[in-house]
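Take a look at the structure below.
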Amino acid sequence: MEKVFNFCAGPAMLPVDVLAQAQKELVNWNGLGTSVMEISHRSKEFIKVAEESEQDLRDLLAIPSNYKVLFCQGGARAQFAAVPLNLLGGNTKADYVDAGYWAQSAVEEAQKYCTPNVINTIIDIDGKKAVQPASEWALSDDAAYVHFCPNETIDGIEINDLPVTDKPIVADMSSTILSRKIDVSKYGVIYAGAQKNIGPAGLTIVIVRDDLLDLASQALPSVLNYGVLADKESMFNTPPTYAWYLAGLVFKWLKSNGGIDAMETHNRKKAAVLYDYIDQSDFYRNDVHSDNRSLMNVPFQLANSELDTKFLELADEAGLKALKGHRVVGGMRASIYNAMPLEGVEALVQFMKEFEEKYV
């Protein structure tokens with residue numbers, strides 16, 4: 001079988017070692033004679049999985065003790081509603097920093113429950129998309145919280161600053177969690193869909209500061225209530241146990257490979273290889289200013305867009321999968337999350353060189 005590298009934006013590739021272990025344990029986990037997906041979420045065996053995975057995540061991110069870690073369902077889109085319904089309290093206003101599609105999607109949902117103050121942060125620098133410095137964001141004084149998405153997967157835009165505010169900061173880290181070091185204590189809530197850097201689709205991680213657990217609207221469904229989920233240790237209803245188990249394997253894989261510091265070094269090296277090649281070429285281009293280029297999602301365009309279909313067709317034949325850009329922006333996009341090895345990025349760059357030589 002040819003070697004395949006999956007550049008899908010999500011669900012994304014998982015570490016090969018994790019998949020191999022899951023395959024080995026699929027029908028007979030821990031000598032029980034059953035799969036881990038078949039056992040009760042309240043069994044002592046699965047409780048151990050749950051406790052270990054939470055502790056490993058706490059270790060990886062250095063999560064302070066005054067934060068709860070919730071293993072939820074519904075994806076990040078469910079959190080677009082859960083955040084205002086959990087955090088507004090008696091307020092009706094919240095700040096939303098807008099740098100792209102996913103921030104805008106969060107705003108659209110939040111409008112059902114509050115009046116968002118939307119701060120458009122995208123600017124143009126030398127013909128490239130960039131993000132305003134956080135010190136220039138027009139945040140309000142009376143917001144319940146400030147929401148932002150540090151990494152916009154579609155445009156490949158990364159926000160490196162934190163909002164300058166004394167309000168709780170809420171971050172949609174679906175595409176950037178575990179890819180680089182963060183200081184969790186600076187956030188009120190962090191949430192992330194699992195299907196990029198954590199595990200398979202179906203699981204969502206929420207990290208929430210204790211003092212924010214008692215603000216929920218009375219109309220909030222219990223399955224989205226952070227306080228309820230914290231009290232029930234993420235088992236108010238049956239959780240996605242197999243996705244939880246796989247996330248636990250990914251956390252152990254990260255720890256065994258040097259943790260977040262090593263992963264950030266690895267990710268910066270991968271991204272540099274790809275961006276450096278694009279920048280020296282007249283055949284390819286990236287439209288994001290270097291200060292705000294994503295480490296995880298690298299969109300690029302061909303000088304001749306009529307060659308897009310041929311590029312994607314030949315790339316697929318070469319084992320370079322899922323490179324088609326999002327329908328909103330077109331072109332190509334290479335998503336190079338934690339599980340993508342440097343070898344995969346180097347293979348993509350080599351293919352790009354050969355394609356350019358043939359079609360320039």
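From the backbone N, Cα and C atoms, a Cβ is placed for every residue, glycine too.
Residues annotated as L-glutamate binding site in Swiss-Prot: ARG42. Long-range C-beta contacts of ARG42 (L-glutamate binding site), restricted to its own chain and to partners at least six residues apart, with a cutoff below 8 Å, comprise MET235.
Proximity of TRP102 (pyridoxal 5'-phosphate binding site) to non-local residues of its own chain (separation of 6 or more, Cβ distance below 8 Å) is seen for ALA76, CYS149, GLU152, THR153, ILE154, ASP172, SER174, given in sequence order. Mapped onto three states, the DSSP output places TRP102 (pyridoxal 5'-phosphate binding site) in helix. Annotation source Swiss-Prot lists pyridoxal 5'-phosphate binding site at ALA76, ARG77, TRP102, THR153, ASP172, GLN195, ASN237, THR238.
Sequence-distant neighbours of LYS196 (N6-(pyridoxal phosphate)lysine) (same chain, six or more apart, CB under 8 Å from its CB) are ALA9, GLY10, PRO11, ALA12, THR153, SER174, SER175, MET296, SER335, TYR337, listed in sequence order. In the three-state DSSP scheme, LYS196 (N6-(pyridoxal phosphate)lysine) falls into the coil class. Annotation source Swiss-Prot lists N6-(pyridoxal phosphate)lysine at LYS196.
According to DSSP, ALA76 (pyridoxal 5'-phosphate binding site) sits within a helical segment.
Around the Cβ of THR238 (pyridoxal 5'-phosphate binding site), a 10 Å sphere holds 10 further Cβ atoms from the protein chains shown. The secondary structure of ASP172 (pyridoxal 5'-phosphate binding site), as reduced to three states from DSSP, is extended strand.
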